[in-house]
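The structure appears right after this line, and notes come after that.
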Ligand code: PEP
């Protein structure tokens, strides 16, 4: 049985004070959300502890945006899975296109991070997707299949979420047509050994397009950047019809 998960990716946004303000408005706004869906907030490291304390008794689960593969050591600027676990993190985004593009993340380092997250009991959200140039060159499938092939070596598919995020759709307002996202997600599913993996779509999801996206049979949720920063917008997304 595939689980529906709506996850917000705040990227490098929100101080602790802004986080508390968000939660105060978001919690009541999702009171009526059906309980068939998981709700996750993937926030900056500095917001994790305070958010964790303020999520008790709510359906919201805590997520981070990166995790290192070593348990401890001289890795300035990185964070371990145990450190995330300690503050109540359950999900962690791995291999987001911004990490791949700006911070030298490769399929190999993505794989290391996925395995470290799982070893500590976290559920990674693996991001895959193609650039506009790759799409125009008909390389979408090849690129994604390679990301999966190299990224999923030794990864337990029973403790995994995948987000299909066409890079050209991220933060651009240029959403992938829902039937095309559905098609690519179906192809991704065909490469997996576990039929129950939740596969989300990500890329300019907003309150106006979420219902159509979530009506697609292969799409099990959304990874939401910009629209997850506003409590009313993200609440509307979480409460999709
Ligand atoms: C993202 O950050 O993963 C994302 C999909 O961003 P946005 O929703 O803003 O396109």
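Glycine is treated like the rest: Cβ placed from N, Cα and C.
As the structure is a computational prediction, the values presented were derived from the model and not from experiment.
The annotation substrate binding site is assigned in TrEMBL to 9, 10, 11, 171, 204, 225, 226. What TrEMBL records for 96 is active site, electrophile. Here TrEMBL flags 165 as active site, proton acceptor.
Features as recorded by TrEMBL, highlighted on the structure.
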| residue | record | contacts (Cβ under 8 Å, 6+ apart) |
| --- | --- | --- |
| 9 | substrate binding site | 42, 65, 93, 96, 202, 223, 224, 225, 228 |
| 10 | substrate binding site | 41, 42, 43, 44, 47, 65, 225, 228, 229 |
| 11 | substrate binding site | 44, 65, 98, 225 |
| 165 | active site, proton acceptor | 96, 97, 127, 128, 129, 201, 202, 203, 223 |
| 171 | substrate binding site | 204, 225, 226 |
Surrounding CB atoms that lie within 10 Å of the CB of residue 96 (active site, electrophile), all protein chains: 28
Cβ-based neighbourhood (8 Å from the centroid) of the substrate site, residues 9, 10, 11, 171, 204, 225, 226 excluded: 170, 224, 227, 228, 229
Surrounding CB atoms that lie within 10 Å of the CB of residue 225 (substrate binding site), all protein chains: 21
Diameter of the substrate binding set by C-alpha atoms, the set being 9, 10, 11, 171, 204, 225, 226, in angstrom: 14
Where residue 226 (substrate binding site) falls in three-state DSSP terms: helix
Local Cβ density at residue 204 (substrate binding site) - other Cβ atoms counted within 10 Å: 21
